[in-house]
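Visitor: Sharing a structure, written as structure tokens. Questions coming.
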Amino acid sequence: SRALPPGLTVDTGLKPAGPTPSSSRFQVDLVAEAASGADKTPSSDSTLASGDKAPDGSEPAAGGEEAKGRFRVVNFMDPSGASPPEVVPAEGFQNGDTVMSEGSLHSSTGGQHHYHYDTHTNTYYLRTFGHNTIDAVPNIDFYRQSAAPLGDKLIRPTLSELHDELDKEPFEDGFANGDELTPAEEAAAKEAAEPKGAVKFGWIKGVLVRCMLNIWGVMLFIRMSWIVGQAGIVLSCVIVLMATVVTTITGLSTSAIATNGFVRGGGAYYLISRSLGPEFGGSIGLIFAFANAVAVAMYVVGFAETVVELLGSVDCIMTDEINDIRIIGTITVILLLGISVAGMEWEAKAQIFLLVVLITAIFNYFIGSFIPLKSKESQGFFGYDSAIMMENMGPDFRDTESFFSVFAIFFPAATGILAGANISGDLSDPQLAIPRGTLLAILITGIVYLGVAISTGSCIVRDATGNGNDTLTAQFMVNCTDAACKFGYDFSSCKGDDGQYNCRYGLQNDFQVMSIVSGFGPIITAGIFSATLSSALASLVSAPKVFQALCKDNIYPGLEMFAKGYGKNNEPLRGYILTFCIALAFILIAQLNVIAPIISNFFLASYALINFSVFHASLANSPGWRPSFKFYNMWVSLAGAVLCCVVMFVINWWAALMTNVIVMGLYIYVSYKKPDVNWGSSTQALTYHQALTHSLHLSSVEDHIKNFRPQCLVMTGYPNSRPALLHLVHAFTKNVGLMICGHVRTGTRRPNFKELSNDQTRYQRWLLKNKTKAFYTPVFADDMRQGTQYLLQAAGLGRLRPNTLVIGYKSDWRDGDMMNVETYIHMIHDAFDFQYGSVVLRLKEGLDVSHISEQGKTSGMKDVVVSIDMTDGDSSKPLSKATSVQNSPAIQKDDDDECKAATKPLLKKDKSPQRLNVADQRLLDASQLFKRKQGKGTVDVWWLFDDGGLTLLIPYLLTNKKKWKDCKIRVFIGGKINRIDHDRRAMATLLSKFRIDFSDINVLGDINTKPKKENVTAFEEMIEPYRLNEDDMEQDAAEAQKASEPWRITDNELELYRAKTNRQIRLNELLKEHSSTANLIVMSMPLARKGAVSSALYMSWLETLSKDLPPLLLVRGNHQSVLTFYS
């Protein structure tokens, strides 16, 4: 292989002196700047295999200075403490095509310094597939959101690095891909680079054990037998299966979400928020954490009740029952808190111990059921027998119980399936552990519940006296039909004459019947303790973990303090204390019959949303939804969500209503707050899907006059540079029609498309932030007219296309190059050619405020301070580009901007903000004119020519808005002196048929009266500089001048359009007479025939017509009807 001769230093101006393409494959050239910078050694012996680390001693050669800054190092952390060397490639060396370092260079085997080299640190140039290139091969590190486990984040080469010309700076704006991390992602990045030694659990210890302990609650030992007594074996099995169906569907949905990408801590909250977005996630996260905290109290009280019963049986009650429950509950919850705070490892050990006790208790029961004892027969236990089984098959509901009330009592026993998912952050592989552990736990616990139901129903009778002397006498033997008769017992005395049952034993009466059946009674008591304490412990751990994840995302302001974690496992100690306080408060109530159904409803609400998330994500059909767990179905998930909602109302309708109200309240709050997070939720995906579907559907339907909406292409330039234009158009298009802010970027310099794309994003954000419902569409073009043509042709999508061009009036048209006026007038002609309506807005103060420094914040960034220097010069002078402070969306003007004078304000950055001159102050005030509420006044509509009704529709839409509702519409029309009343009545009839309210109709009979002499003289003086005066020169010279200056006014056209000119002058007089106090004048725009009327004359008409008036909107529709009076 060919390498550099010793001692060669690189001159960046040279052609490549490095290895030629024919050199050996996978060669590495060390081209770097040593940390010391002193010693320079050649890279002659640096041929390494592509995955190997550089020898520690080698110090690389110095690179070219120019190339500094071309690549950046993104340092997250460096465990060894050694910072990566400042390494810069020599551009001349590889002819700008630098070479990638492969991800395998991350290997940190041997050596003190763990340098992580990638395309941006560029210590090694590797040959990829035998070519010198920084194009990187696919690597998992490029797709990580956060730091690699050992230091720098690897970033793939950007398109700019690979594609741009060499004189360009590829990293003008921070992050190459523009993917700056949001606060939540930064937190995630910190979390991902977790410290060593964190305890992680596998699927058995982390999920299976937890879920089984949580599902097997107190119900198994002290309620299951009673449920069988009430509902019978068949219906008990139905109840268990119904509950299992709900939990299985939810388990499948949980598995699907958990395997659709990397799962962090936060359990149910994390799964729902990342699928459905922060609104649902935030509302469920809060109530789910709260439900877990209250569940701690519920389980602890269950434990305390059992202890107090035991104390009562040996007469050891301390005070009275309620206070004993409080005392024992408080001591228990303090001990549980101690175990939790000691760390997840201790908590997991405690869970394993409790599981062993619980399983022993279950086995103890089943073994006992096969050993019938004579002493237990009087209490109703006779061992397995078909007669008992048949008797207990059907239901026997007593005391107002029904199928659903019994189901409501059992269902909380099936909850707890999310116990494993809730500690998702502490699992070593959540994607494998959550599906496997959760579904297996549901299966095992379901089988045990069914086994207990069938077993208890087959060996215990419903009622027993407990009295061994209640044996059958011979005469009763014949009449006896109960199963107990077969064994020689007569329990008929249990049913009183009044139909009430009064025995203490049997399935229906004795909650502790399982401990009677079991081989050794106290083990069942230990099982009850184990079931309650394990569930309490699981909930005590789940609540703070979910709450911590919620607080980290900063969805509810003010809760950030609970996001802090402590120790190697990032334990949420503050969350533990909060959970402890909530649990303690509910333990002190010591009566949880009211709270239990609410908890079940809170859990069910989160199950319903997990199921709905899967349905929603599948429905949205987003390419990002591809779970590796395939055994789910969107319709099954939807059925699961509906089932959960039904079960909520079955268990307790008022608690279900309350849960729904709380979820909706929190949802509305989070929607209103709009947290700054973007998780790529299915809500976004579905919004896109629906928008696309509806846009296509819209295109298949023909337009109808009744559905006409003004869809405006507004030539605003930068959206914040002409506020009055933006606000006025927004006033009549908001929630009615489409508004596109068009911006033509012109200039001689090469178009910077990357900057254009960044501007597009930045100004779209600015519009949203300012609550303007519009789209910003910039284009590059050679001049204003060409750019406007591009927009007129290509803006919009399907039926969502503009049909009206709105531009600002060119108030400084006389100050510069008249070719700009030619361009401006041709924009209006082009709009008519494309069958657009045209609207021109004129404010006497002007529209463009971009040269004024705005002290206020614009789009959250500091604005540029610029002063204005009006120089009377040629427009071809290049303008200084105002440098923007902190990416300001203010002024980055190019050579020729829209609707602006040929003489452009020269923008220059000032040291200090200057006081505004009077004209600028007036302009600034006028720019906010349409943002304010309009007081009582009028909108004067001068509907002189019928253009299809656009001139009338715009003021109607305006006065429907809140800011304009105090303004009345006055209509002015032309007419003949002798028919004024007739014309007024005809117009009133037309307006009433259109259902448009008006306050007055004025018929102007004197439009054709000659204008005042001084006004005609003023007009003549105004157009004098723009006349061709062809009568005073040779014909050839006149034609040549007209060809070079097409805007000039010929004597012929002036004479031809004398009457039209006079009409504009006369109309201005009438406007001043009738409408000088109007809030807004909307007037038919005079038309000029293309090719017959020169630009200067048409511009002079517009100037004459609109000067010295209140805000004026010149409107001309495309002469297609936009109003109809047919239904």
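Every residue gets a Cβ built from N, Cα and C, even glycine.
Whatever TrEMBL says is automated annotation, not expert-curated.
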Visitor: From the ranges 433-452, 533-552, grab the one TrEMBL calls transmembrane segment.
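Guide: Within the set 433-452, 533-552, TrEMBL attaches transmembrane segment to 433-452.
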Visitor: Considering only Cβ pairs within less than 8 angstroms, which of the stretches 283-304, 350-371, 403-421, 631-655 has the most against the transmembrane segment (433-452)?
Guide: 403-421
Visitor: Decide whether the stretches the transmembrane segment (234-263) and the transmembrane segment (573-592) have at least 3 CB pairs under 8 angstroms, with pairs required to be 6 or more apart in sequence.
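Guide: Answer no, regions not in contact.
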Visitor: For the transmembrane segment (573-592), I need the partner stretch with the highest count of C-beta pairs below 8 angstroms, choosing only from 325-344, 403-421, 598-619, 631-655.
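Guide: Between the candidates 325-344, 403-421, 598-619, 631-655, the best contact partner of the transmembrane segment (573-592) is 325-344.
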Visitor: Between 0 and 100, where does the mean pLDDT of the domain 'SLC12A transporter C-terminal' (722-1127) sit?
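Guide: Mean pLDDT across the domain 'SLC12A transporter C-terminal' (722-1127) comes out at 80.
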